[in-house]
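K.L.:
Below are the features I grabbed from TrEMBL:
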type    : residues                      : note
BINDING : Asp13, His201, His203, Asn237 : Mn(2+) binding site
DOMAIN  : 4-266                         : domain 'Pyruvate carboxyltransferase'
REGION  : 390-505                       : region 'Regulatory domain'
Amino acid sequence: MERIFIFDTTLRDGEQSPGASLEVSQKIKIAKQLAKLGVDIIEAGFPITSDGDFEAVRLIAQEVEGPIICGLARALPEDINRAAEAVKYAKRPRIHVFLATSEIHRKYKLNKAKEEIIRLAVEGVKHAKGYIEDIEFSPEDASRTEPDFLYAVIEAIINAGATTVNIPDTVGYAIPEEFGSLIRNIIANVPNISKAVLSVHCHNDLGLATANSLAAIAAGARQVECTINGIGERAGNAAMEEIVMAINTRKDLFGFTTGIDTTQIHKISRLVSYSTGMVVQPNKAIIGANAFAHEAGIHQDGVLKEKTTYEIMTPESIGLKENRLVLGKLSGRHAFTVRLQDMRYELNEDELNRAFISFKAMADKKREITDSDIEAIVSDELQTIGETYKLEKVQIICGTPGITPVATVAIKNQTGEIIEKTADGDGPIDAIGKAIGAIVGISLKLVNFSVQSVSGGTDAVGEINIRLEADGRLFAGRGIDTDIVVASAKAYVNAVNKMIVSREQ
Ligand code: KIV
Ligand code: ZN
């Protein structure tokens, strides 16, 4: 069976989701997990955009083995130099150069004529080729570019040395049949197309990113660009898990294979969700909480008699296991470590110590700890890096109308000093936000708040995800605890810590 190359851009386009910014250490963890998942190429970032992005790409190139490591660059020498510098330590580096080609972008964004676009694209590819062999080029907004001009651009950049040509549906405008035809026409009209791998990059503005990507591979594309959980600019990118599971489930139709170990899908989906603070909707295909839940009686009856009546894939195929009750108050460090190993988590000594302390604290409040609870604890540990502030105490008073909600919060700063403030608000969460804002000296505007239960029962662990606005940007924060007030305060502190790292960077 022919192989489709999976190009993951979670750390570049995915990170462009509002509020999804990741710290360098989180990016490295995700990149290592992407390598375990078996993606062929990791687009690790856009090195010219910030020192933090440069550093992340450089470290991933140095530390992550297996996939090709790619850095994005506009068709400008300074962008390309920076990308080349960042990826040069990878065993297999790639530079991805892009330049918009559509009339709208040429006229309003770039103010450049067609000939100039071709000249800049060719110069960009040649400049990148001076550093490394593996060069990808994207004519941005390709799906809205005049076809004949698009063919001319593609022919020129392949002659200049591009080894992959990526066709982006940048604004998610294309319709599957139309996008498939575009790919077929490129193959038919670009004389040197066989010298490059043809790739696609679809956005989800009309909810068609996966459908367009699949139409493209059926038409001849052999690389698909995608992100975990479909995160990305605006409505996001094509979701890796949807594309891969569609290719696998409908092998009969597509006849393709990928290098993805699908049993790693659930794990990386949770890691990306926890790290970015982007909650996965329950009805999301493949990885939503309801994706394998059968509610209607007729369906339940069918599944009990024969699973394939209503299940086209098994939960096990994406790495979903039964949520086992595993540990309790009396479980020791050894049992905890063994369970983590069974769940295929690799924590360093420091992370393990912190996770064990959190486990003990949770076991004090909750009788039985499940795999989901352990997953929540570990993911919390993965977020603690760059921790300027740490929550020490939170207490609230609130009640029926007439009682003013008041919160008292104490936070430890980097020098170990504990600062306590009290504030009132429109509700208890608002009061917590105001007290924390007063401590850190930043006015915090809450724009999003969601609460979920990690496991069932009255002693369930609550997961709070929030988004705060500051400096004209959104920052996601996440907190878990058996007490959702405490989890909310933790989520605030987590978002503030991210804000501080972003200011430093
Ligand atoms: O959507 C887009 O056009 C992009 C390019 C940089 C490939 O992200
Ligand atoms: Zn994109």
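One-based numbering along the chain as shown.
Cβ coordinates are placed from backbone N, Cα and C, and glycine is handled just like the others.
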K.L.:
Which binding-site residues from the set Asp13, His201, Asn237 come near ligand 1, judged by a Cβ under 6 Å from any of its atoms?
P.N.:
Asp13, His201
K.L.:
Starting from the Cβ centroid of Asp13, His201, His203, Asn237, the recorded Mn(2+) site, name every other residue in that chain with its Cβ within 8 Å, sequence order please.
P.N.:
Thr9, Pro168, Thr170, Cys202, Asn204, Ala209, Glu225, Cys226, Thr227, Gly232, Glu233, Gly236, Ala238
K.L.:
In the structure shown, with every protein chain counted, which of the binding-site residues His201, His203 has the densest set of Cβ atoms within 10 angstroms of its Cβ?
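P.N.:
By the 10 Å Cβ neighbour count, His201 comes out on top.
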K.L.:
Would you say which of the binding-site residues Asp13, Asn237 has the most Cβ atoms within 10 Å of its own Cβ?
P.N.:
Asn237
K.L.:
Limited to the domain 'Pyruvate carboxyltransferase' (4-266), I'd like the whole-number average of pLDDT.
P.N.:
97
K.L.:
Quick one: DSSP breakdown of the region 'Regulatory domain' (390-505) into helix, strand and coil?
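P.N.:
Counting residues per DSSP class in the region 'Regulatory domain' (390-505), I get 34 helix, 49 strand, 33 coil.
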K.L.:
Does DSSP give Asn237 (Mn(2+) binding site) helix, strand or coil?
P.N.:
strand
K.L.:
Provide the three-state secondary structure of His203 (Mn(2+) binding site) computed with DSSP.
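P.N.:
DSSP assigns His203 (Mn(2+) binding site) to strand.
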